[in-house]
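Participant: The structure follows.
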Amino acid sequence: MRSTAVLALLLCAGQVFALPVNSPMTKGDTKVMKCVLEVISDSLSKPSPMPVSPECLETLQGDERILSILRHQNLLKELQDLALQGAKERAQQPLKQQQPPKQQQQQQQQQQQEQQHSSFEDELSEVFENQSPDAKHRDAAAEVPSRDTMEKRKDSDKGQQDGFEATTEGPRPQAFPEPNQESPMMGDSESPGEDTATNTQSPTSLPSQEHVDPQATGDSERGLSAQQQARKAKQEEKEEEEEEEAVAREKAGPEEVPTAASSSHFHAGYKAIQKDDGQSDSQAVDGDGKTEASEALPSEGKGELEHSQQEEDGEEAMVGTPQGLFPQGGKGRELEHKQEEEEEEEERLSREWEDKRWSRMDQLAKELTAEKRLEGEDDPDRSMKLSFRTRAYGFRDPGPQLRRGWRPSSREDSVEARSDFEEKKEEEGSANRRAEDQELESLSAIEAELEKVAHQLQALRRG
């Protein structure tokens, strides 16, 4: 029994120690907790929330902990607001940086509008001033010097036209009539019309003419610059062709070994070409005709060179003509078109002349190859070789004359002479064959070089 009583006492004592002590702090906390529960329950009571009792409101408002919590929440809200404001400001900064160019553009537009308004106002003021009698007197005074300047321009244009006619009246070849001679006549025929037009125009149209003249002069300068470029290109092409011809001649010159017979056949080939052009047949046989034929071809080349030089001089004279000679607007374009057509005709004529020249050179090369295959080197017995060559080519046969002068006295002498003659023929034949082989090789090389040069020239023409 005692043990049970002791255990019961111990349990009661433990319970007593475990119970909390009611202090004033704990009482205030319990009130606050009850009020908080009441507020939560009232706020959650739906659909009709209950109002909080005034005692709970007083306790909650008087508790510093709740006030600090509420203040902390307010601080958080304020911090959130500040963060949002900072983000907005950061987002607005690049927009602000982009705004100044727009503002500048707006300012520029405003300035332009102001300038336009000011210019419009100036024009209006000028119009009103021009309508006044003083302005009319001023215009009349300004028109007098403008007329003087126009007359001076006309005099200078006439002097330049006279100089241009003097330059263009030089000797020109009649083989190729040039249409370039029409340009000064056109300028002369059209310039009086322009002079009369300028005289008949009213003074009010003079400013408009002064405004149009720079455009016409610019068009004429462009046309002249294009003509100069085309002329330079032509001159460069001619120089290149002349250099190629000189190189081909230098290559072909040392390899050819002209002999008396080859030179005679060479001149005969030139004469045959000149026969086609209308020359007499007697020049192909006589020795004097050979020299005449050899001099005729260089003279033709000189005439053609002089013709080309005169054409270039005429074109330079056209370039040097004053701008006042060319009519303005569509007339200037027509003249440019005519000049282009004339240049095309000149190019075509030059191409035809070059084709003829190369065809002649090809014919001469073929004749030389055919001749040198049958020719041989010089031998001590010149008369025998000449007789052999004349028989091979079918010219006048001096064989009977040699036989008449060479008459053997006896049969033995004739037999010995025949044997010597046959031996000489064999020796000459072997020597001729060797020489012919060498010449054939050299001629084949020359022909190959000529073909290469011809192909290059054709490629240059096409290009």
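Don't overthink the numbers, they just go from 1 along the chain as shown.
For all residues, glycine too, the Cβ spot is worked out from N, Cα and C.
Note that the coordinates shown come from a computational prediction; the quantities given were computed from them, not determined experimentally.
Found this in Swiss-Prot, in case it helps:
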- CYS35-CYS56: disulfide bond (DISULFID)
- 88-440: region 'Disordered' (REGION)
- 92-116: compositional bias 'Low complexity' (COMPBIAS)
- SER119: phosphoserine (MOD_RES)
- SER282: phosphoserine (MOD_RES)
- SER308: phosphoserine (MOD_RES)
- GLY329: glycine amide (MOD_RES)
- SER350: phosphoserine (MOD_RES)
- SER383: phosphoserine (MOD_RES)
- MET384: methionine sulfoxide (MOD_RES)
- SER410: phosphoserine (MOD_RES)
- SER414: phosphoserine (MOD_RES)
- SER430: phosphoserine (MOD_RES)
- GLN438: pyrrolidone carboxylic acid (MOD_RES)
- SER444: phosphoserine (MOD_RES)
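Map the listed features onto the structure and describe their local environment.
Facilitator: In the structure as shown, the Cβ atom of CYS35 (disulfide bond) sits within 10 Å of 21 other Cβ atoms.
Taking the Cβ of SER119 (phosphoserine) as reference, no residue of its chain lies under 8 Å away while being at least six apart in sequence.
Its Cβ placed at the centre, SER350 (phosphoserine) has 16 other Cβ atoms within 10 Å.
SER430 (phosphoserine) carries a helical DSSP state (H, G or I).
Under DSSP, GLN438 (pyrrolidone carboxylic acid) is assigned to a helix (H, G or I) in the three-state scheme. Counting every protein chain shown, the number of other Cβ atoms lying within 10 Å of the Cβ of GLN438 (pyrrolidone carboxylic acid) is 13.
DSSP assigns SER444 (phosphoserine) to a helical segment in the three-state reduction. Counting only residues at least six positions away in the same chain, no Cβ atom sits under 8 Å from the Cβ of SER444 (phosphoserine).
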Participant: Taking the Cα atoms as reference points, how far is CYS35 (disulfide bond) from SER350 (phosphoserine) in Å?
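Facilitator: Given the Cα positions, CYS35 (disulfide bond) is 122 Å from SER350 (phosphoserine).
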Participant: Of the modified residues listed here (SER350, SER430, GLN438), which is spatially closest to CYS56 (disulfide bond) when Cα positions are compared?
Facilitator: SER350
Participant: Can you check which residue among the recorded positions CYS56, SER430 has the largest number of Cβ atoms within 10 Å of its own?
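Facilitator: The most densely surrounded of these recorded positions is CYS56.
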